[in-house]
């Protein structure tokens, strides 16, 4: 039999884990995409709209 | 230029992904800062206010359960508006928005289900019942998972956008069902006590931490959504640049 405090702790623990997992997913995904864009730009590949001079 | 066309122009300016990226970069630090401050206040209030005379300590579960449940529905509503944006206005960011919101909505629905179960066991004596409220929220969770799977399964982004937009709009029928399930059917889940006709039926001792936590969770959602949209725009740019590079290499060969 769990105490009431244990149910509260489990709820806040699950909330913390879910929120941290979401933040980590968004953050690592963003970092990976930025790296890919940088690598492409370094290789001399530019977006068509950026080739015309005006960066859109 | 008339005021009306000026506001239309402002709206269509936002349709430009590059402008959106600039705006996201400016807004996100403030949004994140405000979210952290509100969570600090909300968590302080959640653990310093009195326990309930009947529920004891378990009333504190409400401060995470209710915001998560609200967000699970709000996120789907954001996706439904985005779906309209894809189908009706062909807004270039609409599909980006719907696609970025789905995993966030699924996470908050998961959180609402788990914390509800952890609150149900000590208060109702059971982890789960197949009543109208719990079942309709479970269906919402399955719909989020289905939409994520559908988006990943289709190679053609234009087709995926259209099909998911239609599916999102069809699934929107579940949102009023979730909201009014506790009034339409006899459920173990209690009826609404904050947003209801005749005013809130909740004591201010519990209402304040609940409201602060709800605003904190909502800001967290928008911060995550904007950041996830930015990632999606970058992902699409990488794909189109790679395709462009492959085409150029093909011409040279």
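Cβ from N, Cα, C; glycine included.
Annotated by TrEMBL as transmembrane segment, the relevant range among B:206-227, B:228-249 is B:206-227. Same-chain residues lying 6 or more positions outside the transmembrane segment (B:163-186) and placing a CB less than 8 Å from one of its CB atoms are 73, 76-77, 79-80, 82-84, 86-87, 94-95, 98-99, 131-133, 136-137, 139-140, 143, 146-147, 150-151, 154, 192. Contact check: the transmembrane segment (B:67-89) against the transmembrane segment (B:101-120) gives at least three Cβ pairs closer than 8 Å, residues 6 or more apart, which meets the contact criterion.
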